[in-house]
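Report on the structure given below.
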Amino acid sequence: MAEKMPAIVKTKPAYGAELVEVDIPKPGPGEVLIKVLATSICGTDLHIYEWNEWAQSRIKPPQIMGHEVAGEVIEVGPGVDTINVGDYISAETHIVCGKCYACKHNRYHVCQNTKIFGVDMDGVFAEYAIVPAQNAWKNPKDMPPEYATLQEPLGNAVDTVLAGPIAGRSTLITGAGPLGLLGIAVAKASGAYPVIVSEPSEFRRELAKKVGADYVVNPFEEDPVKFVMDITDGAGVEVFLEFSGAPKAFEQGLQAVTPGGRVSLLGLFPREVTFDINNLVIFKALEVHGITGRHLWETWYTVSSLIQSGKLNLDPIITHKYKGFDKFEEAFELMRAGKTGKVVFFPHKK
């Protein structure tokens, strides 16, 4: 094996990234080295690429980007006895301490000392990558790599959709970006009906329909609240799933959900959002869930089972596939323009 490899690196504290040759790492204690078979772009990667306020406060260049991955284990470090060379894995990207109050109460997804690879350490946008053995998830050998790399973001969607009953429930989804599209797929696979999607991008509305949305609405051209009320005979939806992080969409969703309904929030908002909490939440007795990370490891079992069931319509969501990283800038700019679903890299061109 060569000693060097290409990797997408955040080389400096500024917009963009670079494709550079870096050393192939060696696994340390408790780590495994994987040959990256597929890796996909997340919204977090886009924030790092754009060098927004959050990225500036968290990222310390130079650093290899990326955290969604599927790969084959080719070397194990000292002390690793749960993962073997040849295993086909994906990875939970939240490295938890196991010692804090949250972890000791089995709430690992909100560990108070969470570290994330591709954020707090080198990531997986490379031909080879290090994964902590405790974070490795063994995949079925017949799962396509482009599906296996999506399990981490699918976990976000699963926790959002399945935070409460969904089968047979009328559902509004705001935002049909990559995570919203995964949310549509999970909602449909779980029996939600009708699934109504509010999304301003025509490209993404068309993707939403391909994934299985029963109704789509452009909130810039129609009132989505009236749209929902017309469909539900004035009752409102039983479930509101927020993926956009847009304050206006959030408010419209609260208006559209029926009293006593359920709200799950995954989209990240500006720090301050103003809305009528008394009339839109308290007096409506809404059940509100904030969603972050994935429950370890319950969510992963659910995600893997959903994929293996064949009920998840993932193919329309994967809109762009690249062999190698040569066109990574094109991929990021397309994502910035809202002209993609999920983007998947296959690092090894052969």
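Note that Cβ sites are derived from N, Cα and C of the backbone, with glycine treated the same way.
For the NAD(+) site that Swiss-Prot gives as Glu199, Arg204, Leu266, Gly267, Leu268, Ile291, Thr292, the extra residue drawn from Leu172, Leu179, Leu312, Leu314 is Leu179. For the Zn(2+) 1 site, Swiss-Prot lists His67, Glu68; matching the candidates Cys42, Cys97 against that entry yields Cys42. Each residue in Thr39, Ser40, Ile41, Thr44, Asp45, Gly66, Val69, Thr93, Gly118, Gly123, Val124, Glu152, Pro153 lies on the same chain as Cys42, His67, Glu68 and has a C-beta within 8 Å of the C-beta centroid of that Zn(2+) 1 site, without being one of the site residues.
Across the structure, Leu179 (NAD(+) binding site) and Cys42 (Zn(2+) 1 binding site) are spaced 9 Å apart at their Cα atoms. Cβ atoms within 8 Å of the centroid of the Cβ atoms of Cys97, Cys100, Cys103, Cys111 (the Zn(2+) 2 site) belong to the same-chain residues Val96, Gly98, Lys99, Tyr101, Ala102, Lys104, Tyr108, Gln112, Asn113, Thr114, site residues excluded. Here the CA atom of Glu68 (Zn(2+) 1 binding site) lies 10 Å from the CA atom of Thr44 (active site, charge relay system). Counting other Cβ atoms within 10 Å of each Cβ, the lowest count among the binding-site residues Cys100, Cys103, Cys111, Leu179 belongs to Cys100. Straight-line distance linking the Cα atoms of Leu266 (NAD(+) binding site) and Cys111 (Zn(2+) 2 binding site), rounded to a whole number, equals 17 Å. Spacing of Cys97 (Zn(2+) 2 binding site) relative to Leu268 (NAD(+) binding site) is 24 Å (Cα to Cα, whole number).
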